[in-house]
Amino acid sequence: MKKILIIFSGGQDSTTCLIHYTNIYKEIYCITFDYNQLHKSEIDSARFISNYFNVKKHIFVDLKCLKNLSISSLTDEKISILDNHPLNFSLPSTFVPGRNILFLTLSSIYAFNHQINSIVLGVNEIDFSGYPDCRNAFLKKMNDVVQIGMNCKINFQSPLINLSKAEIWALSDYWNSTQFILNNTVTCYQGIQGKGCGQCQSCILRNDGFNKWKSNPSYYMKKLKEKFNFDN
């Protein structure tokens, strides 16, 4: 039985991954992390979406301790989401140090114990906010660590890693899911469902990508088909 575990936030990218893999895998598992993020509505969105697509199992992991360990505007309302990170000005304040390291580690533990060999993370390094833990180089190193440390063949998959936001919208269009994603996902750092606040970096990237795709859907579908493996 083909099984896959999706690290699922309830945002545009992870939802696009979920929709894509429902057409490939028989059993889909989702894992969502509550790290005391201010935009908690994404957890409600994740729960609704996974129920809608009738995934095999969806677990929610309490990681509220991360707020006490890691400084970020996503967990501290006193820090502006528009500023640079107070400890590293080359990063946005929305960067949560160690977040994806923890997400991938804990997801690997779950996958190992449920005999799941594929873990999906909907990260992207074309149109992204500059997070170092959303880069392909990071994912490859983390995958090596997990395989060596657990003596397993778990593979990390990042199907959106080389796609622009416009191409990600084209992928949702390919699966006739654009309107669903527009209406039901939470990508906004303010936790506003749908189009979001329109001001945070996440909203800007999402809306800019949507407008580009909408201006020329056939062009971005062609670009998507040149780059994307629809069978994996």
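Using the three backbone atoms N, Cα and C, a Cβ is placed for every residue, glycine included.
In three-state terms derived from DSSP, Thr16 (ATP binding site) belongs to a helical segment. Sequence-distant contacts (6 or more apart, same chain, Cβ under 8 Å) of Thr16 (ATP binding site) comprise Gly122, Leu160, Ile168, Leu171, Ser172, Ser177, Ile181. As annotated by Swiss-Prot, ATP binding site applies to Phe8, Ser9, Gly10, Gly11, Gln12, Asp13, Ser14, Thr15, Thr16, Cys17, Leu18, with the evidence given as sequence analysis.
The annotation Zn(2+) binding site is assigned in Swiss-Prot to Cys188, Cys197, Cys200, Cys203. Sequence-distant contacts of Cys188 (Zn(2+) binding site), defined by Cβ-Cβ distance under 8 angstroms and a gap of at least six in the same chain, are His39, Gly196, Cys197, Cys200, Ser202, Cys203.
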DSSP three-state assignment for Cys197 (Zn(2+) binding site)
coil
Near Cys203 (Zn(2+) binding site), how many other Cβ atoms are within 10 Å of its Cβ?
18
Cβ within 8 Å of the ATP site centroid (Phe8, Ser9, Gly10, Gly11, Gln12, Asp13, Ser14, Thr15, Thr16, Cys17, Leu18 excluded): which residues?
Ile6, Ala46, Ile49, Gly122, Thr185
